[in-house]
Amino acid sequence: MKQYVVARPLYSEDAFADEHEKIHRHHKTLRLTKNGVCVNCSCDLKRAKNAALSLLPFIGWMRIYQLKEWLLSDIVSGVSTGLVAVLQGLAYSLLASLPPWYGLFTAFFPVIIYFFLGTSRHISVGAFPVLSLMVGAVVTRLVPDEGPPVNITGFEGLTSDEQRVMVAASVTFLMGIMQLAMGLLQVGFIVMYLSDTLVSGFTTAAAVHILVSQLKFVLGLVVPGLSGPLSIVYKIFVQIEKTNVCDLVTSILIMGVVFIVKEINDRYKAKLPVPIPIEVIMTVIACGVSYAFNFQVIYKVDVVGRIPLGYESPMAPNMQIFGQTAVEAFPMAIVGFAVAFSVAKVYSVKHDYIIDGNQELIAFGASNIIGAAFKSFAASTALSRSAVQESTGGKTQIAGLLSALIVMVVTLAIGFLLEPLPKSVLGAVVIVNLKGMLMQIREVPHLWRRDRPDCVVWVVTCLASILLGLDLGLAVGLGIELLTVVFRLVRFWTKFSLDLYDGQGTGKQYAPFTIKPMCNSDSYFHVCNCQFGFNLTLMCFQVGFNPLRVLRKRNKALRTIRKLLKKGELQMTSKGLLLTSSGPIEESEDESNMEELDQPTDFKDLPVQVNWNSELPANIQVPRVDVHSLILDFSAVSFLDISALKGLKAALKELIRVEVEVYIVACDEYILEKLHSCKFFDDEVKSSMFFLTLHDAMLHILEKHPVNSENTKVCEKV
């Protein structure tokens, strides 16, 4: 059997600190020289270069761009992604309740800005169905299909579509301001509060909303308003007899073909040089068939209609709309960033480069601000479009730039060719692309078996987002997730395990020692869980007794012994204390001063020190304490607040006062410093109880209490 031997002195924390000098790490602060110059704020060429690379990440990868190896791949990827971006831009603009061509603006302006400011080389920026739906909810709330719009200055003289474009652009501008502000304030860490479980439940609910919202295009019905999926389903089934059969057949055909070819792409992606762009192919075919057979006139099919060539003049956001949409803009900013960052992180790990969350916030914030000025709506990244850009060989955002050029060509020159395209085709394409999000429901059984609190977060977030709307649903999901975090922190978990020092384990030299079941505490002890972690009354199962109860029983027994000695009914003999009276002796029940019962036992006026584990005179009963030492393993504890310190000190004193030696091992240096600064130590609780490792503490205990009895016990709490 392989062995290792370490020979070193036995160290307590105090002994180790005395023998080894502590090295202090000096952190940079704002320091002024005699001339008033800030040392750590000075600027030189190196710092200016690093700042430029940080603000404009494209400089970094452009310097290492391999022209011969990467350019062709980026061109192929850019063309493929651009064709998909055109189609998805048209489709997702319907989700935003806007005319289709505004989706082309979203596929162009944000992509250009992200090229310069973004840190991911593979995501495709543009319309994202969940964000588009959230924008659509705001748009239809302020400018409903039926009835007058909300009274907002600036709506005068505008058509309904122009009013909706103003609302969408303004809420996107506000969303961009929020993202930019969070990036400049370096708060990109907030995305960690959106767990994968919460995002999965939220996007699944969003997929249900999107699916329902597209049914009216698939069936060729006019369904006013977007007041919720249940109401839309009701309105659809009320007029189901008005279904346009041509739209329905076209949609079913498109969905069937696209679904089958997408499955082929997934199954044979290793053999195919590039995925088959089936959405683009079917769109071209549908346009040709619709134009040839005049679907709009003969079959009353709703088509995309006029697509004006060129870009519209920029527009300033409406400040009054800011006040009306601030509540919706914030969750849009968070969701847009969270989804984009998650996708970017996957590709950065796959291709071995680093992304910066704060810079991503700045990039998306600037993209949405400038895009909104040119009448685009909220931009993030679509999973399917990013997958096309990466799988077709895209190496850098050169592919994204080329996809924007493809969109520009369509906008400036050939957009009129898409005018006969039925909207049912766009609805069918959107629905097929929801497969990935809808199939996330398969995670629920796995989550239930693996982590039930996470499963609750998923289910509650999904149901709340479906029934209450995406913005309120996200808020409810965040609330439930925070509650589960608090629950995990507050709850005191226990586990049972054996280790080297267990008498039943392999450490035969320690066989007389019995290791008690170990209790695994949280890494953070604070006001919420300190009563569970350090009130040993609640942990009597681990130590086998209640120390405070034992202490009070001992002090009551001492009262009784003193009373009997004073009356002469108890005398000191060579065999110890001997009862001289034959009458019944009652234990002292004097409760006049309960505080004295909680103080350490005092033998100073007694002729002998009482052995509490031996038989006491006068049938005085005191609970036995067979454990002489308790080890607290703090290797998993990284934080203590004031309430936890008070709880820990009270628990230690209770144990020490019943003659149980307590040792704390593997304590973090930060916690030790905090204990000293908070005046934690006194005559009872001493710093000498802290040891470097569990083994150091065990050797110290063996030295103090040699193994001579099978009743000797050490209790370890981890």
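Every residue gets a Cβ built from N, Cα and C, even glycine.
TrEMBL lists transmembrane segment for one of the ranges 71-95, 646-670, namely 71-95. Non-local neighbours of the transmembrane segment (101-118) in the same chain are 55-58, 85-86, 88-93, 124-127, 165, 168, 307-308, 311-312, 359-360, 362-364, 366-368, 370-371, 374-379, 397, 400-401, 403-404, 407-408, 410-411, 415; each lies 6+ residues outside the stretch with a CB under 8 Å from one of its CB atoms.
Using a cut-off of 8 Å between Cβ atoms, the transmembrane segment (456-480) and the transmembrane segment (71-95) share fewer than three residue pairs, counting only pairs 6 or more apart in sequence.
Outside the transmembrane segment (281-301) by six or more residues, the chain places 87, 220, 244, 246-247, 250, 254, 257-258, 417-418, 420-422, 424-425, 429 with a CB less than 8 A from a CB of the stretch. Within the chain carrying the transmembrane segment (71-95), a Cβ under 8 angstroms from the stretch's Cβ atoms is held by residues 101-107, 111, 124, 126-129, 132-133, 135-136, 210, 213-214, 217, 274-275, 277, 279-280, 283, 304, 377, 382, 384-385, 388-390, 392-396, 398-407, 410, 418, 421, 423, 426-427, 429-430, 433, all 6 or more beyond its ends.
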